[in-house]
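Here Swiss-Prot flags 5-25, 52-72, 77-97, 122-142, 149-169, 176-196, 201-221, 227-247, 253-273, 302-322 as transmembrane segment, drawing on sequence analysis.
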Amino acid sequence: MLEQGLLVTAGVAFLISVALSPLFIPFLRKLKFGQSIRDEGPKSHQKKSGTPTMGGIVIYVSMMVTSLIMAIKFNHLGAEVSLLLLVTFGYGLIGFLDDYIKVVKKRNLGLTSKQKLVGQLVIAIAFFFIGKGQAFHTYIMIPGTDVKFELGWAYFVLVLFMLIGGSNAVNLTDGLDGLLSGTAAIAFGAFSIIAVAQEQFGVAIFCMAVVGAVLGFLVFNANPAEVFMGDTGSLALGGAIAAVAILLKQELLLVIIGGVFVMETLSVIIQVISFKTTGKRVFKMSPLHHHYELCGWSEWRVVVTFWSVGFLLAVLGIYIGVWM
């Protein structure tokens with residue numbers, strides 16, 4: 001019965017997202033909340049300048065409302081769901097402020113790095129101290145085994161790293177039409193299956209609400225995109241997926257299921273280190289999706305390829321997390 005409820009959860013979030021988007025997009029246009037495109041980005045992206053951004057609010061509202069209602073309906077509104085809603089709200093708020101400054105104050109970089117980091121730290125610290133001992137414990141497990149390692153206070157550092165790093169990694173992936181929407185749906189779908197296997201149904205409900213919300217948004221975000229989610233959506237999704245992995249004790253498995261996000265982040269790190277130490281670039285442009293664009297791939301080809309890689313990694317993650 002609950003499995004059907006999870007499908008209903010995804011369906012409700014999808015319908016809310018699809019219903020809200022056509023209403024919200026004209027509103028964003030009216031407010032002139034258009035995306036500004038950086039000059040150093042691919043030249044083909046300049047035509048996207050002015051496309052409404054901050055569409056992540058639709059994802060945000062759809063998944064928050066649906067997960068809250070369905071968790072209450074199925075009596076699974078526990079500490080886990082509350083923590084997930086807290087992280088989603090907090091990181092979504094940071095993203096909203098970042099987007100607002102970009103489009104209203106006309107400051108292309110939004111919040112400063114320090115401002116953003118402080119906000120991310122505060123939410124991560126709150127998550128740890130509220131959830132420690134109640135929703136999660138301070139050990140990690142080796143995926144596919146019963147082996148666990150108690151980290152004590154080192155786990156605090158891991159939580160900070162995962163939430164801050166996860167939110168920024170997912171944010172880096174949001175550079176092509178539909179890329180993040182699709183990869184996020186795949187990753188959260190994989191974690192929902194693992195959550196069901198662990199009988200953590202509150203987490204599963206939340207994950208399926210995210211799946212439905214981002215797929216509904218994808219209808220309007222696929223190439224050519226009518227709207228971008230902005231940092232409002234990407235930071236919220238990044239913080240949420242890291243929190244899900246922590247609550248399911250699948251911290252290490254996140255590297256596999258979120259492999260696309262990891263590859264995007266590593267490409268940026270490698271590019272920066274290489275350029276600063278040798279003066280040469282490893283990639284034509286980073287993050288990685290831009291490299292393939294400059295290699296002559298169409299935007300749609302890059303997106304579908306990354307979706308496919310994300311799907312294969314998700315299947316591998318499910319196999320390790322559920323059946324090994």
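Numbers here mean position along the shown chain, with the first residue as 1.
Using the three backbone atoms N, Cα and C, a Cβ is placed for every residue, glycine included.
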Leading contact stretch, 5-25, 77-97, 122-142, 176-196, 253-273 vs the transmembrane segment (302-322) - CB distance under 8 Å: 176-196
Contacting positions for the transmembrane segment (176-196) when only residues 6+ beyond its ends and CB under 8 Å are counted: 2-3, 6, 170, 203-204, 207-208, 210-211, 214-215, 217-218, 221-225, 229, 233-234, 237, 240-241, 244-245, 248, 250, 253, 257-258, 260-261, 289, 293, 299, 302-303, 306-307, 310-311, 314-315, 317-318, 321-322
Sequence-remote partners of the transmembrane segment (149-169) [C-beta within less than 8 Å, at least six residues beyond its ends]: 87, 91, 117, 120-121, 123-125, 127-128, 138-142, 234-235, 238-239, 241-243, 245-246, 251, 254, 258, 261-262, 264-265
